[in-house]
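Undergrad: Just dropping this structure here.
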């Protein structure tokens, strides 16, 4: 099976490596010629996964046409805010009925659309068959062959079963479900809560506060998801609770790192510029906040993070406001 992977960041590279190791014909589309050279010559992504050996069968290219030629599956791992532009530019090269799998986690800020909705918008008339893969999965650990479990959401149960097999290895276990919206929203909202968890840890608020943020963050994720048509049970799975716990506690989490650096007094622009990789939660906070306003859903942690990130509020003041909100049943 030929698979075109769009996006040569850490996660796109990790998934391309995983699939190449299974014997799939994988082409990784990357815009940076230095990354292409590193993957093809040195079997390493020098920018995002330096020091980790990639499968020698994996080939990278800057030529989108070369990557997409004859592809059975398009695996999109470009940052969420760039997805619409990339899909629009590649549409003339895509065939009708193509399988499109997203591994990006976020919500578009301009249109408040998930990746699946952007695929519907931009590939209308091509009848794409869509799926999303998400879950607790640091790229470096996947490349290192450490045990990982994720979930693949696909409305077509048969296609979901087929893709579940494609994306599974002895160290990478893929479950499937039909709740595409739930899988997408879990992967997006957890990034907002992860920034809050990093901020809390950086301010020295302790383990109790982190556990409270994770638990109440899960409640926010579920409330918004159900309001948008997802199943509440999905958020208790790998794309919800699983990814939330990992991203709020693991030091490889970019969004947690944003929170930690905010606690040190660094400015948001400097943090984002200095990371070298996309932390989806910064933009997603804005999108989730706007969605909550539109749907009339109460998301106090998200509202607090929006105030910190986009209104310049003092994090300690926002913690005080969260802790002194009107008391209620859980």
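Cβ coordinates are placed from backbone N, Cα and C, and glycine is handled just like the others.
These figures come from a predicted structure and were not determined experimentally.
In case it helps, Swiss-Prot gives these features for our protein:
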type     : residues                               : note
ACT_SITE : 190                                    : active site, proton acceptor
BINDING  : 10, 11, 31, 105, 139, 254, 278, 280    : NADPH binding site
BINDING  : 105, 135, 137, 190, 243, 253, 254, 255 : sn-glycerol 3-phosphate binding site
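Help me picture these features in the structure, burial and contacts included.
TA: The 10 Å shell around the Cβ of residue 190 (active site, proton acceptor) contains 33 further Cβ atoms across the protein chains shown.
In the three-state DSSP scheme, residue 10 (NADPH binding site) falls into the helix class. Neighbour count (other Cβ atoms within 10 Å of the Cβ, all protein chains): 23 for residue 10 (NADPH binding site).
When secondary structure is read from DSSP and collapsed to three states, residue 105 (NADPH binding site) falls in the coil class.
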Undergrad: Ranked by the number of other Cβ atoms within 10 Å of their own Cβ, which of the binding-site residues 243, 280 ranks first?
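TA: Top count of Cβ atoms within 10 Å goes to 243.
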Undergrad: Work out how many Å separate residue 280 (NADPH binding site) and residue 255 (sn-glycerol 3-phosphate binding site) at their Cα atoms, rounded off.
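TA: So the alpha carbons of residue 280 (NADPH binding site) and residue 255 (sn-glycerol 3-phosphate binding site) sit roughly 7 Å from each other.
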Undergrad: Let me know the largest Cα to Cα distance in Å among the sn-glycerol 3-phosphate-binding residues 105, 135, 137, 190, 243, 253, 254, 255, as an integer.
TA: 15
Undergrad: Under a three-state reduction of DSSP output, how is residue 190 (active site, proton acceptor) classified: helix, strand, or coil?
TA: helix
Undergrad: Between the Cα atoms of residue 137 (sn-glycerol 3-phosphate binding site) and residue 11 (NADPH binding site), what distance do you get, rounded to the nearest Å?
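TA: Cα to Cα, residue 137 (sn-glycerol 3-phosphate binding site) and residue 11 (NADPH binding site) are separated by 9 Å.
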